[in-house]
Amino acid sequence: MRCATLVGLLLCLLMAFAPARASGTDPWSPFDAPWFSTLDIAEGIPHSTTTAVVQDRSGLIWIGTIGGLVRYDGYRVEVLGTRNHNSPGLPDNYVRSLYALPDGGLLIGTNAGGLVRFDPGDNSFKVYPVGPQGLSDHKVYAISSDRAGGVWVATEGGLDHLDLASGVIRRVDTGKATVARNFSVLQDREGNVWLGNNSGLFVRRAGSDTFVREASTDQDASTVLGDQIWSILLDHAGRLWVGSVQAGAAWRDADGHWHGVPGFSGYANGARHPTVRDMLEVADDKVWIATDGNGVIEYTPGNPATHAIAHDPAVHSSLPGDSVRSLLLDRAGNLWAATDLGVARTHRGVHTAFSLLPSPLDPNALSTSNVRAIFVDSRGRIWLGLGAGHIDIIDLKAGRMQHLLLAGSQIQRGVHSITEAADGSILVGTQGLARIDPDTLAIENSIVPELHDKPVLGLKPDGDRVVIGTYDGIYRYDPATHALEHLGHRAGDPASLASNTVREIVRVGSEWWYATSRGISIAHGNSLPAGFTNLLHRRGDPTSLPQDYISSLMAAADGRVWASTLGGLSVLHQQDDGAWSARTIGTGDGLSSDNINTVLADDGGQIWASLSNGVARIDSQTLAVANLGARDGLHIASYVSIAAARAPSGELLFGGQAGLTVIRPHWQPPTSALAPLVITRAEINGVLVPFGKLPGDGGSIRIDGDTHNLRLNFALLDYQAAMETTYRYRLEGFDQSWTDIPKGSAPSANYTNLPHGSYRLRLVATTQGLQPRTAETQLTVQVSPYWYETTRTRIAAAILLLGLIVLLVHLRTLYLRHQARRLQREIDEHTRALLAANRRLDELASTDGLTGVFNRRRFLELVRTLSEKSPDGVACMALFDLDRFKLINDTHGHQAGDTVICQAVEVITRHCRHTDLIGRYGGEEFVLCLPDTHLQQAHEIIERIRIELAGMTLVHDGSPVMVTASIGIAQRQPHEAFESWLSRTDKALYQAKRNGRNCCALAS
């Protein structure tokens, strides 16, 4: 006990001597340290030692280093000025100073290469000469505006003036009192030129040509003015600030009186101060002084003390290095510090949230990172329960933090809960219960032996007693009598405590609500009742709890109870019948996680909740959700404990795994224009577009050439929370939908082989947090047609195509005509062959193959047709039969018989007219039709034929062959049938044969 008391007293004494800082109107200002993000070699900066930082006209950040020049858009580091065969680049990579020009260009002062101008029109570097018509020296310390279109250049060898329009450099005579080396120069609003010389501060008054030494009656300020003056600043109120090499800094008020900076002016006890490399007014009446070795000194004129902003090895968000060479306040409100370990950036304005982190080097920092419990006592002090037995006490009135450490068996145990007993003592729930004297802060360890080995999760006063939540149920302890009562879960009893794990105890009117691992248990009146009303999750019932593991409870002023669960945030309201109904808010409603740790209400009734991955604000009426982000000052992302409390001044406190988050719920950021969404780099067909020709919002890009490729880099130039800024783009007229850029990726758009035409490119950036905003940039993309896509080419192609079509049609016509003629010839040839074949077939079918006269079938057809056409016509028919023809065949052979037949036909044919018809009737029989011939005429003709046949002698193989014929003749009678006519002729033939052959017989 005595040991613990001594430890507590020792810590109190140590904290009593910790310097308190005047906090002004914000009681948290002593604890609200700037949160720096660092850009270093890991991101591509060529050298860790950064020397200068400026912002150009378009909003991009330029950084000078010992190893080169950097252009930065918040996502990409681009090193410029490297010498190669295409560009001479920078003559010296050691950049000492930068000056942003109105045209978007840059003046670059180097260590050994003189002054260089970057021209954004073609991305080229122009080196100004050194010598009689140029600069006074190659080493350039500072560049400052003359407020009339020119600049002052302070060098190792003198002071020069450069006319930006003409490029003329004029050497300035600074007088005999000065030496050659000049570190800084500034022209004020009245036209006075202030020169920071190696011999002190000099001024050339407006209208004068002479520099005179500036003096002061203030001893500390006078010491500063007589030292080497490295930096000069003019603030908004007309105050002039100067920083020296070793005498600190001083400032001159509007009345011309000089003042020292408390603790940082003159030589106190002969001690020297670090060199003041730069100075910057970060807010009205607040100046940052950049030192070479002591970080940044913050000072407000009239304050009795300064505030140091330095590197803390234990805090990753502190200034990365204590050697600070340059400062910048950009147009988005970011503060940039060029240090020896990269460029640091912070947003110095007050935020909705800020973080307290652990550090053994800062008395106003936490002892450890994990804040497990938060309690505000009756005196307004904020008690923080941490890990490993640490307890920190924030005294907002004193502006300081005190640190306690539990002793004995509790020295390494986490602090889970804190409350104030009826006698004002502080009870601490850890491994057991400890008590702290509120005045002396003496610690009494393990005051309840029965709880010595039990983690105390929750504490709540109940009159003079205290209700205690543990893993073994509920205890009620009376500090006066040391009486300890216990109540736990009874298996099988639905009216018992829902679970033995009790994490938090809350009073809701006259009721006691217990947050357990298996639901909510409600005790009516008595904190340890005989039975509880339990609120549990009911599957399929959306009006029940979403999940039974209850992290914390909060009773709102409107009678509702907010329950934090692992399944979402549950809003409980009591119905008319006394039953409680739940409405759950989860990720579907906008929360970033369903794992809710704890809930607080601000003075206005709005609800704030810590989640496993952040903090959210919920409108108590509409239940609309807004998640805090880095732009709101939220930097601690993970929360697992139920540590939460409302500070006396209304701030909300949430304990996280990495520290304490403080939220100013009613703070509203000042109205400001949204940072521009800018195209930071463009390549057309692989060729870089000069920075000065990059299009802005409403601008245009024209793509010519043979490839039609476009690549754009773009960024929202607020340089904050890159992981919380979402980007998308769409090329209207080409893209069917928006393209979302993956979270955390550098925003860019890439198109290849674009068709010719006019498009509109839309770029959109959306920020997150309590004040989400959207920026959009639009530009026209004009893609020129390829040579074969131009109107002239298309007309020529159309004409050529038409000519080709005409030619093809003509050639086709000629070909078809040629083919038609060829086909016609073939058809004609085939027709003639067919006709010949048909005639031959007809002949074969109509004539006798031996004699060539009509065969019987054809002859009969012709005669029948003749009879049918002229039924009354006169005609005669003769039927021939060669006598004893069989004997001829038998005697002389069939060949002789064929010769006889042919000779007989030949004789008959000679006596016929062309209208007469002759045919072979069969074998040695022939038939002859004589149209228009009477019987007498026919008999005469036939008789002549018979006589000639009888007189014809044939010789075959030397033997004579005699031929005679028997002939029957019949004349057709009027309307006689053909068959009858033929029959009568045949009968006449037989009559001739009966008459002895070789004669003619006439039919009756």
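The backbone N, Cα and C atoms fix where each Cβ goes, glycine too.
Summarising the annotation, TrEMBL assigns coiled coil to 820-847. According to TrEMBL, the feature domain 'GGDEF' maps to 873-1004. The signal peptide annotation in TrEMBL covers 1-22. What TrEMBL records for 795-815 is transmembrane segment.
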Residues of the same chain, at least six outside the coiled coil (820-847), with any C-beta under 8 angstroms of its C-beta?
853-855, 857-858
Run through the domain 'GGDEF' (873-1004) and tell me, per DSSP, how many residues are helix, strand and coil.
58 helix, 39 strand, 35 coil
Can you work out which residues elsewhere in the same chain, 6+ from the ends of the transmembrane segment (795-815), have a Cβ less than 8 Å from its Cβ atoms?
788
Where does the mean pLDDT land for the coiled coil (820-847)?
81
